[in-house]
Amino acid sequence: MSGAPPGLLWGTRKPKDTGVSVVTTAASTDPTGQGAHAAQAGATRGTWGASALYAWATTLFGVIGLFMSGLIMYDKIKLMEDPDFSPACTINDVVSCTDVMNSGQASAFGIPNPFIGLVGFSVVICIGVALLAGARFRAWFWYGFLAGLAFAVGFVHWLAYEALYDIQALCPYCMVVWAVVLPLFITTVVGIGRARARDRGDEVTTGASAIFGMPLIVLVVWYLGFLALILQQFVF
């Protein structure tokens, strides 16, 4: 026994290095999983996601807006190349994209308005797709997005006023763009309000009832207001 290695006598012999490291996980030290949940909560604290319904709607409205902006941009370029060109959406003196596109209001900031739409709706699509993939954003990002949508709402209202009372002609392509901006703004306001309520610990309505309620009523009234002004100007 005296010739035996000390490690065998006292049970302290260093194990042989096999090259395999052992990693202690949260699961081994926290069988309840509370540590993992706390880590996940810490990672998402201060960020807001969105429902699948909002993400799909944002993406869809962005695609529609981008497509219509592309059509307007195409016709605008054709008109610049050939003053005699007649866009497909020019039907008569009232429904006349030609009159709208040739107006000074069609380049409100020194560049064609559809260029703004091409950039803006591309951003909207990117945000919608990111949300579909499960992205979460800081509050400042959401407020920045809302500010951009608020600018878009104000801009389309100004364009609508100019089309009705100054140019006195309507562009159907432009009106589709107006139509998608409004629900984007309303649903984003609702989404931010719901996120703030969750942060305060308030009970939040989930599911389709969160959208198909007061927000839908506001949107319908908004559309009816536009329709009433158009009818008053060109029909009655």
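Positions of Cβ are set from backbone N, Cα and C atoms, glycine also.
Note that TrEMBL annotation is computational and uncurated.
Residues or ranges marked as domain 'Vitamin K epoxide reductase' by TrEMBL: 51-192.
Feature annotation from TrEMBL assigns transmembrane segment to 53-74 (among others). Residues 97, 101, 112-115, 117-118, 120-122, 124-125, 127-129, 131-132, 171, 173-174, 176-177, 180-181, 183-184, 187-188, 191, 208, 211 of the same chain lie 6 or more positions beyond the ends of the transmembrane segment (53-74) yet place their CB under 8 Å from a CB of it.
Within the chain carrying the transmembrane segment (115-133), a Cβ under 8 angstroms from the stretch's Cβ atoms is held by residues 49-50, 52, 54-63, 65-66, 68-70, 72-73, 109, 145, 148, 152, 155, 177, 184, all 6 or more beyond its ends. Residues or ranges marked as transmembrane segment in TrEMBL: 115-133 (among others).
Annotated transmembrane segment per TrEMBL: 140-161 (among others), in sequence order.
The transmembrane segment annotation in TrEMBL covers 167-192 (among others).
TrEMBL lists 204-231 (among others) with the feature transmembrane segment.
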